[in-house]
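*Asks:* The domain 'PH' annotation in Swiss-Prot covers 7-99. Residues or ranges marked as phosphoserine by Swiss-Prot on the basis of similarity to another entry: SER3.
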Amino acid sequence: MRSPGEVLREGELEKRSDSLLQVWKKKRGVLTTDRLRLFPTGPGARPKELRFHSILKVDCVERTGKYVYFTIVTTDRKEIDFRCAGESYWNASITLALIDFQNRRAMQDFRSRRERAAAAAAAAAAAAAAEQEPEAGPGGQP
């Protein structure tokens with residue numbers, strides 16, 4: 001099992017800007033078990049993070065001769081366009097890391113629900129057992 005924040009992959013990918021011209025900007029991507037960090041090429045700039053809990057899916061994969069284009073769709077339905085070199089398969093790496101994250105979260109949710117259900121069942125059984133005990137009368141006799 002991987003530790004949270006473990007780096008799975010580093011390398012170059014490009015993000016399409018939100019500006020009117022929609023130019024492609026090179027970023028250094030760092031993929032971990034719970035997020036994708038995008039570092040600008042300039043020194044001292046802060047990275048942007050896409051945490052997996054806010055990513056819905058990786059979509060719209062298209063291959064051209066040189067690039068693979070893909071879109072990350074967030075839980076608020078925002079679409080962020082990326083491209084990477086055809087042989088780098090960043091889209092597959094991000095998709096697999098996202099699926100792994102979602103599976104881990106689903107297992108945690110399942111365990112939490114099961115523990116809550118077991119605690120509720122134990123409390124109900126204890127309450128039922130308490131109701132079944134005869135009340136003691138004077139002198140400790142029922």
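Backbone N, Cα and C atoms are what each Cβ position is placed from, and that goes for glycine too.
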*Asks:* I'd like the Cβ neighbour count for SER3 (phosphoserine), meaning other Cβ atoms within 10 Å of its Cβ, all protein chains included.
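*Replies:* That number is 7.
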*Asks:* For the domain 'PH' (7-99), jot down how many residues DSSP puts in helix, in strand and in coil.
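*Replies:* Helix, strand, coil within the domain 'PH' (7-99): 13 helix, 53 strand, 27 coil.
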